[in-house]
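Visitor: I have a structure here, written as structure tokens, and I will follow up with some questions on it.
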Amino acid sequence: MQPHSSNTRKLVTGFVLALALTLIAFAAVWTLAFPVELTFGIIAISALFQVAVHLHYFLGIDSKTPVENILAMAFAGVLIFLMVGGSLWIMFDLYERMMM
Amino acid sequence: MNSYRPTTSRSPGPTEETLDVRDFGFWLYLMTDAVIFSLLFATYVVMFQNTATGPLPVEVFDIKHVFAETMFLLVSSVTFGFASLACVREHKGQAIIWLIVTIIFGLGFISLEVAEFVGMINSGAAPQTSGFLTAFFSLVGTHGAHVSLGMIGITVMIFQILIKGLTSPVKSRLHRLGMFWHFLDIVWIGIFSIVYMPAWLI
């Protein structure tokens, strides 16, 4: 979490990785070179990797990050899983039943 | 942990420990903000097919425009990183220059976004047109409002560095503002992956 743990090389590495992942996703959508399902997979995987790259290289999350910060992030993850997962489950189940 | 020194002027000023606690408090705020954005994403996913008599997502989104916005925000995240590094290395002038560069890229992003919103509203794709557009403007607008607030924050930090110098409270504030700015770039990854890209595929 401390600013001194980051340095120029780490920042530039993060930028190159983030740029590459962004370009992969945009190129897949722009060219439509692959089937739609595969393109969705490419978007999802490059987005997840890019979030990880940003967390590590830009926000400085690593093994030295205080455990309470990681716990707060994990708790937010649980809340997001419950609320987003629950909302989508209920609403799409409702759509399906309304169309019967 | 060694970059924070207690101030030596008349007032004792915050200690290293209280500044660490503020970092943690700000981290908790960011996590709550992540929950807000997640629910706006969930709302969008539930609503995006409800276009009523309005336009479809694919008719209002432009891939080149979104790509330009993405690049502006990504580059601004990196330039803020350089500002933070300059601040740690006690290079006051460099820190200010990188912050100004960050604001320029941030302004580039916001002007593209405002142009997109105005163009959509003028072509009949206003927030009240359909459930899809309400959810779209809520999510992307909330992100844009955060970026705008972040730029006000950067402007304030430039003046604090100019007037107060790189004291430990100023450094600590700049660090938290950097966390905010990088966080917004992470939210944008979700926006282009969940809102824009699927629209061109379906």
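A Cβ is built for glycine as well, from the same backbone N, Cα and C atoms used for every other residue.
For reference, TrEMBL lists these features for the protein:
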DOMAIN    B:1-200  domain 'Heme-copper oxidase subunit III family profile'
TRANSMEM  B:26-46  transmembrane segment
TRANSMEM  B:66-88  transmembrane segment
TRANSMEM  B:95-112  transmembrane segment
TRANSMEM  B:132-159  transmembrane segment
TRANSMEM  B:180-201  transmembrane segment
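Surface or core, plus neighbours and distances: that's what I need for these features.
Guide: Here the transmembrane segment (B:132-159) has Cβ contacts under 8 Å with residues 33, 36-37, 40-41, 43-44, 46-52, 54, 57, 60, 73, 80, 96, 99-100, 102-103, 106-107, 109-110, 113-114, 117, 120, 125-126, 170, 173-174, 177, 180-181, 184, 187-188, 191, 195 of the same chain, all six or more residues outside its ends.
Here the transmembrane segment (B:180-201) has long-range neighbours at 26, 30, 33-34, 37, 41, 44-45, 48, 56-58, 61, 63, 66, 69-70, 73-74, 76-77, 80-81, 102, 136, 139-140, 143, 146-147, 150, 153-154, meaning same-chain residues at least 6 beyond its ends whose C-beta is under 8 angstroms from one of its own.
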